[in-house]
Amino acid sequence: MTTIKLHNSKTRKKEVFTPIDPDNVQMYVCGPTVYDRAHLGNARPVVVFDVLFRLLRHVYGDKKVTYARNFTDVDDKINTRAAESGRAIGEITSETIQWFLEDMGALGALQPTHMPRATEYIPQMIAMIEELIARDHAYEAEGHVLFAVDSWREGYGQLSGRSVDDMIAGARVEVAPYKKNPMDFVLWKPSDADQPGWESPWGRGRPGWHIECSAMSHDLLGESFDIHCGGNDLMFPHHENEIAQSCCANPEGEFARYWLHNEMLQVEGKKMSKSLGNFFTVRDLLDQGIPGEVVRFVFLQTHYRKPMDWTEKKAAEAEATLRKWRALTAGIEPAATAAAAVVDALSDDLNTAGAIAEMHKLAAAGDGAGLLAAGQLVGLLGDEMGEWAAAPSVDLSAHEARLFKARQAAMETKDFSEVDRLKAAYTEAGLEVRMSKTGVELVPGAGFDAAKLEALS
């Protein structure tokens, strides 16, 4: 059997993955808070850990892997959105969940085995909080229930590599007066009449964010499971607090044995933000005509533990590559299994960049069947994602010859105005202009519009 190695954030080492039960490999991924469209950064862990799901299914069997990814549908951000819009909370969350599934489906992500909504697991959350209180790991104060960090100093901070004392010393937030320790965090909080709430032993209220994932993963996967994944921005406090809650409520269990965290995403070398004007939702890109398969390809070109930079150039190059690969694999059956080199790359801590490099080798060798099998393993080249590439291609040879002749003439006359005019027009039409001593190549980008070339005729 293939040996999978994963970088475990908890031990800070690459370890051989050994499942608790090879006949039921289990993974949990923290999902979105559903109040708005998923942005490009939200999509990265979905795509990355979709590849992990596919790899585990490849190695252990399609029916032997359980994947849970939650929806946080009770949160103050959702409450704020409802108040601002005048819409019902349930209407907003249901709509946003549907958006999320459609957008991630467009990126080729398989649906998880379980997609629990936090609001469906309130009784389990209350039961876990009661267990924590009974074990002296939590206390009630002014309608709130808080986790007592001092009750588990030996374990708290191991994932993020912080000590409780250092965290307290570095805290810059105002501490609620009812907390015994500044690092204590909320398990349950009271709800006003106009806020979502559920009856509990501590009055009407709602759960804190961290207890939601602990309760859902415990109910679906048990007190010990294999892999927990998420963005590295969740390592502290969310994942640290999950570990504390779960291990203290179920001391006989291990909770998650392997922790995987993906790095963050940038756009054109800068942090994505609305103030910089480089903030994109997945739907924004899809509506711009960038195929979901192209977005996925760009994601997979960077190892999940490295920062990823989304650029228009990468998207254009990805589209050109996928067009060539789809032409090579059209009308043929995939090989019986993906090439060993591709599987080995993925098995080495999800080295998707290495897998893509191996796929380039298969394409260069003309091995369409092998390329197709590898593509299906990483979620590329499937029929369901190929409609964009089936659009009739445009013969650009006349335009390439025209620009080449214009450049040759300009070299003689030193007047490059016509060359510049043509280049600007081709760029405006969504073509990437590649010029060399031997010729000109026009490569359609994601936003290519053939109609804009008519003005040059």
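Placement of Cβ uses the backbone N, Cα and C atoms for every residue, glycine included.
Keep in mind the model is a prediction, meaning the values are calculated, not measured.
Among the residue ranges 32-42, 54-64, 428-438, the one that Swiss-Prot annotates as motif ''HIGH' region' is 32-42.
Between the listed ranges 111-115, 151-155, 191-195, 271-275, Swiss-Prot ties the annotation motif ''KMSKS' region' to 271-275. Within 10 Å of its Cβ, the residue among the binding-site residues Cys30, Cys213 with the fewest other Cβ atoms is Cys30.
Here the motif ''HIGH' region' (32-42) is broken down by DSSP into helix, strand and coil counts: 3 helix, 2 strand, 6 coil. Residues of the motif ''KMSKS' region' (271-275) grouped by DSSP class, helix first, strand second and coil last, total 0 helix, 1 strand, 4 coil. For the binding-site residues His238, Glu242, Lys274, the largest tally of other C-beta atoms within 10 A is found at Glu242. Here Lys274 (ATP binding site) is compared against the binding-site residues Cys213, His238, Glu242, and the shortest C-alpha distance is to His238. Same-chain residues that are not part of Cys30, Cys213, His238, Glu242 yet have a Cβ within 8 Å of the Cβ center of the Zn(2+) site turn out to be Trp209, His210, Glu212, Ser214, His228, Gly230, Leu234, His239, Asn241. Taken together, the residues of the motif ''KMSKS' region' (271-275) have an average pLDDT of 85.
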